[in-house]
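Chemist: In case it's useful when we look at the structure, here is the feature table from Swiss-Prot:
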REPEAT    68-91  repeat 'HEAT 1'
REPEAT    92-128  repeat 'HEAT 2'
REPEAT    190-229  repeat 'HEAT 3'
REPEAT    293-313  repeat 'HEAT 4'
REPEAT    422-459  repeat 'HEAT 7'
REPEAT    571-610  repeat 'HEAT 8'
REPEAT    614-654  repeat 'HEAT 9'
REPEAT    737-774  repeat 'HEAT 10'
REPEAT    848-887  repeat 'HEAT 11'
REPEAT    1219-1261  repeat 'HEAT 13'
REPEAT    1387-1425  repeat 'HEAT 14'
REPEAT    1632-1669  repeat 'HEAT 15'
Amino acid sequence: MKEATELNEDMLEEAEHLALLEPEDDGTFFQVTNLLNIMDSESAKTDTTGPGLDMRKTLASVIITEKATTDPCVVMNALIRCLQMPEISTQRKMNIYNIMQEIIQQEGEMEEHCIQRLVAIASKQMRDITEAEDFETAEVASETLVALSRNHFSLVMYELQHHLKPLNLTDEFVIVTLAKLANGNVFEFMPYMGITLATIFTMLRLANEAKMRQVICSAMETFCETVQFYLRHLEDSLYPVMTEDQFAVKLFPMYRYFVTVWLRHQDLEVKLGVIKSLRPMLSLLLPNDDLREQVYDYIPLLLAEFQGTGHWPLFPSLLQVLRQILEASVTTNTPIPPMLLHPIFTELHVQVCSKAPAQQQFSSQNLMEIVHCFIALARSYPKELMKFFFSQVEMSKEAVRVGTLALIRAVVSADDPKINIKTIYLAIRVVKNTLSDTRSKVRMAILRIIGQLVLSGFQEKIKGWGLKYVSVQLTLSTYKLTNRRECFYQRDLEEKMVHKVTMDTVKIITSSISGMTNEFWVRLLCYIMETDYTEALTPICISLTNLAENQIHGKDTEAGIAGKSKHVDLPAPQKLLARLLVLMSSPYKGEGRGIAMLNLLRTLSQSIAPSMADMWEQEIPLLVQYLEEHTEFTWNQKTWEDMLIQFLRNSLKKTRGTSWSLRLSKELNNQIETFDSPSLEKGFLYRALGFTLGMGLEADRVEVLLLELLYKTDYSNDFDREGVILCFGLCARGQVKTVLNVLQDFEERIQESEQSWQIGAWRKDHPWRRETVKSALMVMYSCVSSYCHPQMLLTHVDSPITSKIIHHYSSSCQDISLKMAFMKSVVQVTNAIKSIQDPEDFQFAHKSALTGLIVVIIKAEPPDHLVSPVRSMAMDALSQLSTMKPFYSPEESTELMDISIHTVISLQPPGEDNESVKTLYANTMSSLKQLMEGLLQRQLDPKGLQDTVHLLEKWILSEKEWEREKAMALHLHLMQIYVQSIGVCIPLKLGQFGVLVGLIAPCTCDAHRRTRLASINVLSSLLDLHVSQTCSLWGTSKEQELQKCKEDLQDTDMNKISSASSRVAKVVCPEFNCDEVVSLIQKLCENIGAMDLQHDRAAVTWIGIFLQMRVKELEDKVAEILGAILVHLPVVDHPEVRRHLIEGILLLAHYHQETVLTSLLRQPLPMESHLTEVWLAVAENVPFARTMLHGLLGRLQSRFTAKINATSKADIWRLAAVDPLMTLCTIQLLMEKMDQDDKFPDLFPDLLYTFLLQLGSSHGPEAASPVLKTWRLVHTGPLPQEMTLQRCSRSRITIKSMQLLVKRINREPLEQALEEQSVWSLLENGGTFLEGVSLMARLCMQNMENYMQRLAELVLTGMGSEILSCCISSTAICVEFMSDPVLHQEKLLRPVVLMLEKGAGQDKDETLQVLSLRALGNMALGAPRKVKQYRKLLLEKCLGSLQGQVSSSAMAEGMEALTKVLAELREGDIGSSFEAISKQCRAFFDNESELLRLKAFVLFGKLTKVVGISKKHFFKGEVKRGWVSLLLHCQDPCPSVAQACVATMFQCVHFWGWKSLESSFGHSNDSINEQMTVFQTNMCSVLAQKKPAVLCGFLLETTVFMKNNLSRIRIAACNLAGIIMKQLSAHYLKKMDLVGLRNSLQDLQLDSDAGVRRAALETLKVLDSCNQHWLLASPRGLP
């Protein structure tokens, strides 16, 4: 009940403090609110845009703070009021609290009531945590309370203590704030410390959440640190004093609870918090004697934490706690219970020795904590600890032993007086127990302990076992390192570490121990002589030098040396000198062993060779000085080796006359197998050996050593092989004959031949390969030539040296190594020959053979990649051979150039990351340049230059940029050499300059910068050469402009590059003559398409510039230029490039039209796309296109005109023969593509007429005359197929062109009429062509009156042409013109008639004759009034066509023409021609030709109308003579003939005077045959009465027609005969040959036609009837 009352009071008090304040100053409140709003808005902006906008927020905060300086209470109340506003954001709360903290720090006076309200509000918001954001509010509220505590501690502490109640788990921020108060107000907090700790202790059982436990642990850590601070500053405290023991007593229960309960919590964060709080607790607990032992009791619980899974983050803090306890036990001399020692030993030892996972491994700091723990244990419990260590090393685990030895080393190294000698003794016992362990880490640990013992002052403890162990390890590690295997890399690394530790130990020992045993001296000296592992030689040499100096000066009595002598015990002097010389060849290995060895050599000089001692005293310091002045990065190997060789030479001079040098040679020879290959030491060894052998005086013993060296060399090892070769070369300097004898002897001994090669018998470890030995022998011979005396060289160079080289190469498999050896040998031999100052005109006999072999080698190399230096070496060899006599011929030089260029330039460039290939690549290119230069020097003339450039051309034009770059670089190099060498001596050939420039001009726009620069430099060189040879006015301004262009070509912008290239073209153009321009353009055209688009653009740009600048001067060269362009235009793919070339053609055509036109028209058909593009470009320019169209028309018309003689070059081209089909195609294309608004008013007649002529010519002049009314031309024989196809194609193109022409003039009636009447089909067909011409002419006359005059003029001209087809076509047109008044109106009738007269009078062509006759006849239609004027001519030509050997077509046309003409004449106009016409006409009545019969009957009918009185009697006789024919042909099988015959017959009836018969035909409905029967019956009746004799004559004529070819005529004849016999009297019948008539009729009974047989039978019946009638009428007895 009491607690409830207190709770209610607290709530009422809190509610009172939290009640909303009444506003004291609304202005301040609103101002503060506005400023807080600004801060909130700026905070939102800052979250999204960054801290750049935080200025306004800070300014608002500063304004509120500044206002609080004058009136803090008002501002604070306003802030408190804002803090109490509902739904306030967390950010605003934080801003308010931060401002409050700043106001509180100002130390202004505030009312206590205000402070109380602030404390209450902050305390409440600090404790009200419901969401994650509330933690931030609680934190700033806590900070505000801490800030208030500085001036109002009691109020704040009262509030916090008010909420800290026993057995009641408070809020976490209450404890956090209490910890902060304790840390910030130590002395003020101390009175509350006891009660605070006691209250918190009561909460421990209630704190089940991990977070709360962490807070309490952190608070306890702070509280303990505060107590320690308080205890250290007790004198400054004003509060009641609380002793350390009192604090310890209060803390221990919490310590116990933490260790026993909370430390076992599963949360690692809780564990870590507990352990961190233990250290400050132990600082207060361990000084207390009573509590210390109780702390010891809880050590097992701490040790247990080392065994937890995943507890590795706790280990650092745990180790610190354990170390704190152990060190306290040492300082207080309070031993830990013995039962706890072994667990502590074990747990700590395990942490050192176990192989924990990577994330659990200790840092060096943690390891030091453990070491300090063991040191503390060693101080108090040395015997127990060493006993534990001994038990651990008894185990075989490497990690355990290494860890244990490391801990022993730490104990030994501890500088602590409490660790006595007994402890060291015990430790050494433990170490000795591990000496037999061979594992690397154990050995290193033991060596480190030995070194540490020396460093710690226990040298005497290692003199026995320690030195021996070090010596053994030095030997053992060296052996293992020199015999290591590649598959045991890890083991080798460990062994290296062992060796390093061993060397460090040796260094420590030799620098720390005053005395040394003789055994150790011997071991170290033998180590230098025998070891193959040379990395440790430097410290060993230094140690030996120090020891030797001690021995020499008698300072080391233990060594057993007298001390007065300067000699020490050494192996063989030559052996030691050889060893040290070889090792000194790499002076900076092993930390600078060279200086150490030189000092050792100087120290031992008296012992090695007393005769050399004085010289060594002078020269060794110089060698040392050189090494000291340089480093491993600055020294020069060759210089150093030369210094050593000179040192050796000077040393050997001191022993001249003795066998010292020979013994040294043997030792050097023995040393060869002790070094690896390759190595600097072994290389120097071969050099020293060769030099030493060369100085030997006993040739036989030198031969033995050389032969031994040859046998034991591993020739498969490149380094050894080269070393032996160098050795033999150096030896040959003084022993050339000996060396050659040895080589020959070696070859004989190994039985060197093509059938037997048994070398492997001497080398079982490294079986020799035949090729490797052969390559070595080749280079040995060449090396001998390089080093031997010049006079001896000329004696031996051909034989045996060169001959042996060729033999060994030719008899081998010729792999890469052999090839390289062979070419190396060739170079060495040639260099050796060239080095002779006076070769006495030496002729190298084997030059040709060597060249052939090298060429084969080059050709065998892969073409696209570089795999070896074979190419480079081969070209170097050829370069050297080219200088030898006899020199190469020009053909041989060209062939060598071509082979070399091809094998190098085709190579792909190396990658950027492959330096070795890049070097190989550069060397190969350099060798090629050198070879090309050498060969070019032998042919320095234009031909040689052109041949060389020709070889480079295909590479300069390559699509691969690396090939272009290399080729251009080589071109530049050779061009510079040529210009420098030849100058103005020999001018270039005509056109050569243009070819050379045309080749490289496009490369000025190459995408690769180096190629562009090389090309412009080549161009500059060519210009320099050209200007110097032609004395051209090449000025400074041009040179400057060219230089600017070069600079611009280095740009990366392709537009600038193209512009620069164009400027270059303009600069150089004036330097070209016309021939050079042609050659340039030809070369540029030839190379278009060979590279990329940029090059093609550059090429056409250059062409355009040259044509623009020089076109007027190129009249004689147009055909060549145009030909070059047209030849290459088809292969140009890119439209832009094609357009530029076409523009060049148009430019040429503008100035030289005839030449260009002829060249274009002479291109073959079908028209290619490139030609189409040219003409399309022409069509775009209408004026120019019309000009070209005129020219094309002229070309077509010239075929039909008389030939004229050319008076100019333009005439020659204009009159040149061209393909008319090509011309037609071109005209059609232009008409189709030209501007549609151009109607061709001036060209229409010419075009139309020309097209018609072309059609006529395409159908051929071989056609026969047309058949009347069909216009079909009948060819006399089949045309060849090719000609037929061409003519058909020409016809179609011509017709299409005519259609385009008609469509363009926009005359729809004409166009429609042509389509409706199928004129185009008629024109296309050769058989109907003339009919189509007539229709075309007729329609044009009807629709195109304006053009008739011009067309008539053209027709007149064409009729006079010598070309038959032209005459025929023109005459066909004239046929229509003659039927129209146009000719008469244009006063062209007379010349036309004269032309027609000529055509009608000729007999060579039937068609022309027919058309001429037709045209003459049409005069009656077009100019009827002129017929009388030309009647004589007309009658003559028409009548002439009816006489003589004339075709039926001409006869028919003649009769038709007469029919037309007679219509306009009278009898008097005809004159005597009437009789001839009548007779000729009647003669065709019975003609086989229907056409002729038709025309004859029509003409005869026309004559009946013309005949007058004077000719009537004559014509009556003609009618009588032709009457039977008329009667019979009225039944002609041809209807038109029968009709014409009937009409003519009735026109002739009136000449008989039979008016009654004129109207007897055609007035009944009977058939024609029936009407004719009636007519004939009536006629015969009349004649029988009036003129029976005439009727008898008709019967006789009728009998003749019974044999006519026409069946209808035979029928008609039978019928007419029957009619006549019926009408004749018996008197007249008796006079007739009736027997003959009967026979004829009987013969007709066998006729194939049934109608004839019936008609004959009927007539026979009539005949029999007549006979019977005659018999009855006659008297009896009379016949």
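Every residue, even glycine, has its Cβ placed from backbone N, Cα and C.
For the listed features, I'd like the structural context: burial, neighbours, distances.
Modeler: Summed and averaged per residue, pLDDT over the repeat 'HEAT 1' (68-91) gives 79.
Across the repeat 'HEAT 2' (92-128), DSSP assigns 30 helix, 0 strand, 7 coil.
Counting residues of the repeat 'HEAT 3' (190-229) by DSSP class, helix then strand then coil, yields 34 helix, 0 strand, 6 coil.
With a threshold of 8 Å between CB atoms, the same-chain residues lying at least 6 positions outside the repeat 'HEAT 8' (571-610) that come near it are 525, 528-529, 534-539, 541-542, 544-545, 548-549, 552, 616-617, 620-621, 623-624, 627-628, 631-632, 635, 640-641, 644, 648, 651, 654-655, 660, 663-664, 666-668, 670-671, 675, 679-685, 688.
The DSSP breakdown of the repeat 'HEAT 9' (614-654), given as helix, strand and coil counts, is 33 helix, 0 strand, 8 coil.
Outside the repeat 'HEAT 11' (848-887) by six or more residues, the chain places 802, 806, 809-810, 814, 816, 819-820, 822-824, 826-827, 830-831, 833-834, 841-842, 893, 895-896, 899-900, 902-904, 906-908, 910, 917, 920-921, 923-924, 926-928, 930-931, 934-935, 938 with a CB less than 8 A from a CB of the stretch.
The list of residues near the repeat 'HEAT 14' (1387-1425) in space but at least 6 beyond its ends in sequence, with Cβ under 8 angstroms from a Cβ of it, reads 1261, 1263-1266, 1273, 1330, 1352-1353, 1355-1356, 1359-1360, 1364, 1367-1368, 1371-1372, 1374-1381, 1433-1434, 1437-1438, 1440-1441, 1445-1447, 1449-1450, 1453-1454, 1456-1461, 1463-1464.
For the repeat 'HEAT 15' (1632-1669), the DSSP-based tally of helix, strand and coil residues reads 31 helix, 0 strand, 7 coil.
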Chemist: For a three-state summary based on DSSP, what are the helix, strand and coil counts in the repeat 'HEAT 11' (848-887)?
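Modeler: Summed over the repeat 'HEAT 11' (848-887), the classes give 25 helix, 0 strand, 15 coil.
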Chemist: Short question: which residues 6 or more past the ends of the repeat 'HEAT 9' (614-654) have a Cβ under 8 Å from it?
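Modeler: Tertiary neighbours of the repeat 'HEAT 9' (614-654) are 581, 584-585, 587-588, 592, 594-595, 598-599, 601-602, 605, 660-661, 664, 680, 684, 687-688, 691-692, 695.
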Chemist: Apart from its near flanks, which chain residues at least 6 from the ends of the repeat 'HEAT 15' (1632-1669) lie with a Cβ under 8 angstroms of it?
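Modeler: Same-chain residues near the repeat 'HEAT 15' (1632-1669) but 6 or more away: 1592, 1595-1596, 1599, 1602-1603, 1607-1608, 1610-1611, 1614-1615, 1617-1618, 1621-1622, 1624, 1626.
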Chemist: Hey, which bits of the same chain come close to the repeat 'HEAT 7' (422-459), Cβ under 8 Å, at least six residues off its ends?
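Modeler: For the repeat 'HEAT 7' (422-459), the nonlocal Cβ contacts are 378, 382-383, 386, 389-390, 393-394, 398, 401-402, 404-406, 408-409, 411-413, 465-466, 469-470, 473, 491, 494-495, 497-498, 501-502, 504-505, 508-509, 512-513.
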